[in-house]
Amino acid sequence: MAAGDGDVKLGTLGSGSESSNDGGSESPGDAGAAAEGGGWAAAALALLTGGGEMLLNVALVALVLLGAYRLWVRWGRRGLGAGAGAGEESPATSLPRMKKRDFSLEQLRQYDGSRNPRILLAVNGKVFDVTKGSKFYGPAGPYGIFAGRDASRGLATFCLDKDALRDEYDDLSDLNAVQMESVREWEMQFKEKYDYVGRLLKPGEEPSEYTDEEDTKDHNKQD
């Protein structure tokens, strides 16, 4: 037998059992391999379990964020329409109620809270006196961009940029059904919170003449 062959056989025996007489006994090498295999299996199981928990956590966070967004869309709009908060100080207390009249776009712009302490805005062709909400609709307010303007498009698209304002009369004809429904909802909310003082006139449209009786009747309805 060559020496090289003996070396190979010794190496083989060294990696097996110390004695082959027991037949069924497990060698240290086999035990180590089994332990190593079990370790990998445990690690893989832990990884899969951890990954499942991570996916579950991500899903829960996504659901919470979706719920918060829906609440913001639903109640945030109401908060915007409910501008006058309890205990809010505003110049409205010193201003008499405005007599009912109709406005052109140019006339409406005079009531932006800077040139005139009274603040008006239009929604869906209706003009509302929002002076008591000056904290919100005044020049320094978060929604001051709507003061003295037709706010319909901005409210329908929830856009507070100048892009939502039109210098000419806006017939809103390009808004879709959902956006127009939003405009009507805003109109109802402003009717509940603020004084309706007249209509926003279309180009060439003549203003209506309102009697004191009609004016008083409208104010009583709002009260």
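Glycine residues also receive a Cβ, built from the backbone N, Cα and C atoms like all the rest.
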Phosphothreonine per Swiss-Prot, picking from Thr211, Thr216, lands on Thr211
Between Ser94, Ser104, Ser134, the phosphoserine label in Swiss-Prot belongs to Ser104
Of Ser15, Ser114, Ser152, Ser182, the residue that Swiss-Prot annotates as O-linked glycosylation site is Ser15
Integer Å value for the Cα distance linking Thr211 (phosphothreonine) with Ser104 (phosphoserine) is 20
Counting other CB atoms within 10 Å of each candidate's CB, the least crowded of the modified residues Ser104, Ser208, Thr211 is Thr211
Restricted to the domain 'Cytochrome b5 heme-binding' (102-201), the mean pLDDT of the model is 96
If you count the other CB atoms within 10 A of the CB of Tyr210 (phosphotyrosine), including all protein chains displayed, you should get 16
